[in-house]
Amino acid sequence: MSFLATIACKLANLSQLKQLHAHIVHNSLHYQNYYVSLLITHCKRLNAPPLYARGVFESTRDPNVHVFACMLKYYSQLGFHSEVVRLYQNMQSCNVEVGASVYVALIKSLGYAGTVLHAHVLKLGHGQDRYVRNVIMDVYAKNIGSVELARKVFDEMTERTLADWNSMISGYWKWGFEAEVCGLFDMMTERNVVTWTSMVSGYARRKDLASARRYFDAMPERNVVSWNAMLSGYAQNGFAEEGLKLFYDMINAGVEPNETTWVIVVSLCSSRGDPCLADSLMKMLEQKQIRSNCFLKTALLDMYAKCGSIETAKRMFDELGVHRNSVTWNAMISAYTRVGNLSAARELFDKMPKRNVVSWNSMIAGYAQNGQSAMAIDLFKEMIVTKEAKPDEVTMVSVISACGHLGALELGNWAVTFLTENQIKLSISGYNSLIFMYSKCGSMKDAKRIFQEMNTRDVVSYNTLIAGFAAHGHGKEAIELMSKMRNEGVEPDRVTYIGVLTASSHAGLLEEGWKVFESIKNLAVDHYACMVDLLGRVGQLDEAKRLIDTMPMEPHGGVYGSLLNASRIHKRVELGELAANKLFELEPNNSGNYVLLSNIYASAGRWEDVDRVREAMRERGVQKTTAWSLVEYKGKMHKFIVGDRWHELSDDIYKLLAELQSKMRRLGYESDTSCVLRDVEEEEKEEMVGTHSEKLAICFALLVSEPGTAIRVVKNLRVCWDCHNAIKMISKLEGREIIVRDNNRFHCFIDGSCSCKDYW
């Protein structure tokens, strides 16, 4: 009946295995160790259920070492470590002589815990068995604390196989010991495809793709795993073009892609976000009749999502049904957040059978990146409470950035404390998010501290701090930081120059701004917008107009927006009309442009023109953006709008506001009603500006905060002249530092003056 062994090798699924098993039972062979070993071996190959395999094992009354070894390997493959140990103990109780192959399976299954058997196998005389030595060395090499022991085992070998060399190279690569890897590689007299592939994948993991490609090109022979290693390196490091080119080289070389190859190639197409490329790849899959497994379908889902084909992605998601895993769910959640459909993303998130840290990160980042910062923080708090997953750096970057957008310094400090207490290590990206958060919360002292504590900085680190300086009007500090940046070998980019020019504009540094502008080799339209803003703020509106006329590219909305704002400040009606009309063409739905032009007309008393602009807004369906202000108190953001009476402390807020207004009038304060867009009685105008959201927010903060502490307010629009003057006086009357972040810059009010020097 030896032909049964030949038949067993041809089995393709569990059903066929059971048919063979029935044939063996029918012939009363099922209790013989040879056939039990045969069946268990193929249980391992065909991933048969543990209950079935265990039943096969127990069908023999007196299992020999071969039966035990097969069962050990089966359990080891499944990762059933406790069953492996129990089976080993069973062997000992049955007085079965344990051979070297059993120890190989046992040590491999136990992982690092298996090293306790090292002395035992030496005592039993298995120390010279090449498989035993290799598995012991391999286990040592996979642990950073014992990689030196692996090398000791390796050095003590009188005869080394290629597998030994490859295990040692793989172990060194795992812990980043490049020099040791290269030393071993150079010592090898013989290398195989595994050796070369280890070098390719090792360098790829270190993001050294030039070295990875050099070893790949030098390979005397390649298999599909080698190609996949290089393709994966390109995919994981964002080199889609190079990866796709290599894939076509692979096809031309006659190498047949496997399932892993297709998953990598689909991910390369995903990073391109090109619908045409996605369609051509799908045609290739259909032509080659590639059967999509759950991994490939998940990759395809992600590809279509990144190409904007959400419906196709959702169809694939639904088709996967019970085969959906956490990666599939996460890909679909990210797809929805990418297009701003947060409700659909949250619905999936709530339905997930099991969520991991990637699931939470996808949803938290989705909220943060779509302007729902408060929701991002609330979900993070829920993540901590549920303890479903442990937050990591990716989580904290989203949360810290959300705190920055809200201007919530108290929440930001809480997040930093959580980060420290949970020993979450930050990369450059994490530290950059801290600089961003502190800058946006008005604490430049802390932003500079984080920057100075960084061991390594990139261009984003400098740009983030420069942007902070710009928002606070620290023009000279921004220029000095750019010089330091160059001295440290970091080349300024487009964003750097935008930050420095904006800082120059906010500080009124015309001469310095011109020097920076003229030093830029590749001027972009945004740089012209910054320079127009600078010229406009210092009153050189005609020079700003000339600069626009000489631009080598078409001006965008930012350019004319700068001119329009300058026209409002300096009451240049004709230039304001010109800029506004251009903006109505470029940004027909931007309500801010209509409001600014209305303000210019209102300041000039041209009420008919004010009405004409408002009528144009109505005809085009443009809604004026509602102004709001936020104040943080006890970990919660309190929101106010003009004339707001919904807050639980409204009565106290309005009472305090009336008292402050009375005190201000005695000091000579008069309401500036030039921003009121209606031709109404002066008393009504005063009431309109008197209850602006920032005034209400400040009164609330005065009521709930400790005397002498700083008050921080975030506003979504620019502070008006009247509020700016009023807040200066309130800071003096109350002896408080009041920090207001509007949509343009920070205003730090102390003892009756503002850090912007009335220049914004």
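Here the Cβ of each residue, glycine as well, is placed from N, Cα and C on the backbone.
What TrEMBL records for 668-760 is domain 'DYW'. For 64-98, 129-164, 192-222, 223-257, 325-359, 427-457, 458-492, 590-624, the entry in TrEMBL reads repeat 'PPR'.
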| note | DSSP puts the residues of the repeat 'PPR' (458-492) at 26 helix, 0 strand, 9 coil
| Which whole number is the mean pLDDT over the repeat 'PPR' (590-624)? | 91
| Three-state composition of the repeat 'PPR' (129-164), taking helix and strand from DSSP | 28 helix, 0 strand, 8 coil
| Residues in the repeat 'PPR' (325-359) grouped by DSSP into helix, strand and remaining coil | 26 helix, 0 strand, 9 coil
| request: Could you put numbers on the helix, strand and coil content of the repeat 'PPR' (427-457), residue by residue per DSSP? | output: 23 helix, 0 strand, 8 coil
| Positions on the same chain near the repeat 'PPR' (192-222), where near means CB under 8 A and six or more residues out | 162, 165-166, 169-170, 173, 176, 178, 181, 185, 229-230, 232-234, 236-237, 239, 242, 255
| Close approaches to the repeat 'PPR' (458-492) from elsewhere in its chain (Cβ under 8 angstroms; 6 or more beyond its ends) | 428-429, 431-432, 435-436, 438-440, 442, 444, 447-448, 451, 499-500, 502-509, 512, 516, 741, 745-746, 748, 755-757, 759-760
